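Below is one structure; the comments refer to it alone.
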Amino acid sequence: MRKSRESQVRMFYHGEIRDGLPRISLALWTLLLVCLLPSPSLPAIVRDLGKCMEGSVEADPQDCASYYQCLDSAIRHQQCPEGAYFEASYEVCVIDDQGICKPAARKCTELELAVDPADCAGYFQCIGGDFVPQKCAAGGFYNLTSKNCLVDGNVSCLPLQARCTDEQLQENPEDCAGYLQCVNGILVKEKCQSGSYFDVSWNMCVVDADGICVSAEKCTEGELKADPNDCAGYLKCVNGELEEQPCASGSYFNSSLKICIIDVNGICVAPPEKCTEGDLEVDPNNCAGYLKCIDGELVAEQCPSGSYFDAKLELCLIDSEGICLPTVRKCNEGEMVADPEDCAAYQQCVGQELVQLKCDPGSYFNATASGCLIDEDEVCVPQKQGCTEGELMQDAENCGGYLACVNGLFVAQTCGSGEYFHPGLLECFNDDRNICPSNCRCSAKGRCIAGRRTADPQDCAGYVECLEGLLVEQSCAPGSYFETTLRGCVIDEQHICATEQEE
């Protein structure tokens with residue numbers, strides 16, 4: 001007979017942690033069982049394509065104690081904590097209290113690079129099948145995006161023991177009329193107001209009525225120094241005191257040459273304010289699009305054709321009332337933007353209008369460099385006709401579902417009960433705000449969408465099909481199981497749906 005779902009559940013990594021491993025309270029057990037029942041999910045990672053679905057996971061067939069996860073559009077190999085294994089059914093690491101999994105030796109791809117979570121100035125390199133710790137040169141840090149060591153011009157990578165607590169103030173031993181303030185873990189020199197000094201006991205600047213700070217070194221008239229708070233400016237000694245001076249626009253202060261020079265290499269670029277990952281904002285230039293925070297930066301995204309972005313609900317809605325009429329987008333002369341439909345093309349502003357242009361064969365458009373670069377790493381692979389495997393898009397006929405690309409064709413899929421599909425984030429979410437009131441869920445009491453198939457939460461080798469408005473339980477053929485992504489029965493070659501033989 002089949003194992004029940006309850007007997008398959010182990011301790012999951014949620015809740016309180018005891019003895020180094022998470023534990024779950026009995027009060028949450030019933031809720032956990034309900035939440036973990038399989039429901040139509042987004043497609044799993046596809047390892048033979050350049051793109052993957054952000055956050056999706058897949059078991060490592062070579063190691064039961066590890067898995068693959070899609071992070072920043074790249075497939076990463078992750079390891080479960082010691083004493084746990086990866087449960088593919090629920091896509092989480094589970095405490096191995098029954099000795100189900102014997103972890104395989106950790107292997108990696110030769111010369112593969114991985115970030116060192118404990119050291120921003122170090123990384124791991126795969127040598128002979130094992131990760132070997134490596135170190136960047138002094139004054140450098142490891143950049144996860146470019147996968148190499150870069151010069152730490154902003155001094156943002158310091159050993160943990162060398163970092164300070166933000167807003168912390170300290171005495172500046174070199175200047176009694178100034179102090180050191182902790183900004184982003186780094187001590188930065190600050191000055192007290194004229195006629196005051198830094199009092200260590202009060203930890204603040206006070207008026208120097210008694211002439212306590214008269215021994216501070218005066219600067220040499222006309223002397224120039226780098227401004228630690230502004231790379232596009234400098235400090236000049238005027239009447240014995242250092243005054244802030246700005247460089248000309250587009251230049252920076254070179255501390256070695258003691259002059260301002262044109263910043264042709266982008267050495268002094270003010271870091272943009274970071275946004276919160278996943279945040280959505282209105283695109284002031286495009287009512288049929290929005291701005292999404294990706295890796296701390298706002299990136300322009302487009303709503304599906306015939307829809308507009310609703311700022312209140314933060315999602316794209318079908319524009320049945322003509323709220324977002326097409327407008328001619330004004331642009332800055334010479335401006336270059338990426339073509340969202342073609343990585344080997346771009347749009348350039350000519351006469352305040354965007355003109356479609358193409359990169360040379362073998363190159364792609366790099367938005368950061370604002371130009372075409374030779375595609376040595378095959379960043380831009382021409383898309384085949386049809387859709388890209390695993391691609392998702394809004395289902396115009398069902399706000400409680402979506403369309404997923406399977407074998408080059410878009411196939412209708414359904415979100416879980418009480419969920420709606422967010423066309424901007426391309427994920428299903430709980431419909432707490434009743435965004436999708438017209439969506440008809442498949443249920444025992446209501447009518448369902450004809451022909452729709454959903455997984456049977458009690459039987460991995462079965463499914464529920466909507467026939468003539470009613471839900472009917474169906475079974476796959478012996479030796480097969482129901483694949484939720486394809487929504488059909490497939491041969492179970494890897495024993496994904498193992499069952500006990502009936503006695």
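Note that Cβ sites are derived from N, Cα and C of the backbone, with glycine treated the same way.
Per TrEMBL, the features are as follows:
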DOMAIN    49-103  domain 'Chitin-binding type-2'
DOMAIN    105-159  domain 'Chitin-binding type-2'
DOMAIN    161-215  domain 'Chitin-binding type-2'
DOMAIN    216-270  domain 'Chitin-binding type-2'
DOMAIN    272-326  domain 'Chitin-binding type-2'
DOMAIN    328-382  domain 'Chitin-binding type-2'
DOMAIN    384-438  domain 'Chitin-binding type-2'
DOMAIN    445-499  domain 'Chitin-binding type-2'
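By number of Cβ pairs under 8 Å, the domain 'Chitin-binding type-2' (272-326) is matched best by 384-438 from the list 49-103, 105-159, 161-215, 384-438, 445-499. Residue counts for the domain 'Chitin-binding type-2' (216-270) under DSSP, split into helix (H, G, I), strand (E, B) and coil, are 0 helix, 23 strand, 32 coil. Residue counts for the domain 'Chitin-binding type-2' (49-103) under DSSP, split into helix (H, G, I), strand (E, B) and coil, are 0 helix, 27 strand, 28 coil. Break the domain 'Chitin-binding type-2' (161-215) down by DSSP state and the numbers are 2 helix, 23 strand, 30 coil.
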